[in-house]
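Peer 1: One structure follows; several queries about it will come next.
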């Protein structure tokens with residue numbers, strides 16, 4: 001009854017609705033016209049490429065050749081369209097960490113040995129100078145005693161004065177050759193992981209935990225198809241600027257997620273947790289989130305605080321769980337002031353849930 005609706009595959013789609021009729025194709029309903037866009041893949045400069053399961057674009061299959069190509073084409077930008085960023089090659093972190101060659105390390109070691117030798121010689125000369133100065137002071141005091149009598153107090157004061165001068169000289173002596181501290185290199189990525197300038201991809205890499213990564217420039221992390229069961233409070237401390245995380249098809253449980261695990265991610269926009277073992281929505285999710293997918297889990301309830309502070313959320317997918325009108329609070333969706341797309345299929349609802357936001361399309 002409204003203008004701007006589209007018909008696609010026998011379904012009526014609202015204006016501005018977005019859907020994917022086929023893998024790697026995204027369609028938009030714009031004022032009654034269906035506009036579809038296919039993911040464009042940037043050509044790779046490696047001899048062997050593979051297309052991972054569930055992905056649209058090929059990636060380099062050889063990690064060594066991926067490293068070389070990343071160094072050559074570091075400024076290249078992939079032309080992509082659709083929901084998910086795609087993994088490319090290896091990032092700046094590995095390139096920088098390999099900059100310290102064996103020759104530089106040997107040179108640093110030789111420099112430290114020379115500095116230690118010079119310090120020893122300097123200490124030896126300083127001791128000689130002090131002994132010579134002490135003898136001269138003793139001769140000086142003996143000469144003055146012959147000239148005029150001196151009291152014990154004056155002698156003690158004179159000795160203290162000379163000692164304080166000696167101490168001052170020692171303290172004022174600067175360190176001429178400071179020993180440089182070698183930089184701490186980040187641990188290498190596990191086998192099966194590839195990296196580009198802003199994305200780390202570890203698809204089906206047999207990981208049991210989130211790998212320790214330290215790269216503030218990283219924005220995307222794909223850990224699909226592993227055996228991860230827990231997410232600690234410190235899991236993302238080294239990558240606080242993530243905007244997109246895909247943890248689909250793992251074995252993550254609700255007790256295994258730390259209460260502060262996602263709190264550090266102040267720029268996170270997309271969180272995918274499809275195909276895990278969650279029984280409730282994780283707590284303390286960032287308010288910057290625009291899209292959450294928790295399809296095919298074991299969600300059995302959403303209380304009134306389950307989605308709190310998610311005022312920027314546009315898309316929420318909760319298909320294939322155990323939700324019903326009996327275990328979803330009528331106030332659960334109240335905080336979602338921007339929600340326009342909601343999927344609740346394959347649950348146990350007999351009626352439409354109460355309290356759905358008016359912004360839904």
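A Cβ is built for glycine as well, from the same backbone N, Cα and C atoms used for every other residue.
Here's the feature list from TrEMBL:
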{"type": "DOMAIN", "residues": "4-61", "note": "domain 'VWFC'"}
{"type": "REGION", "residues": "77-173", "note": "region 'Disordered'"}
{"type": "COMPBIAS", "residues": "102-118", "note": "compositional bias 'Basic and acidic residues'"}
{"type": "COMPBIAS", "residues": "160-169", "note": "compositional bias 'Acidic residues'"}
Peer 1: Per DSSP, how many helix, strand and coil residues does the domain 'VWFC' (4-61) have?
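Peer 2: Its residues fall into 0 helix, 24 strand, 34 coil.
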Peer 1: Mean pLDDT, the domain 'VWFC' (4-61)?
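Peer 2: On average, pLDDT over the domain 'VWFC' (4-61) sits at 80.
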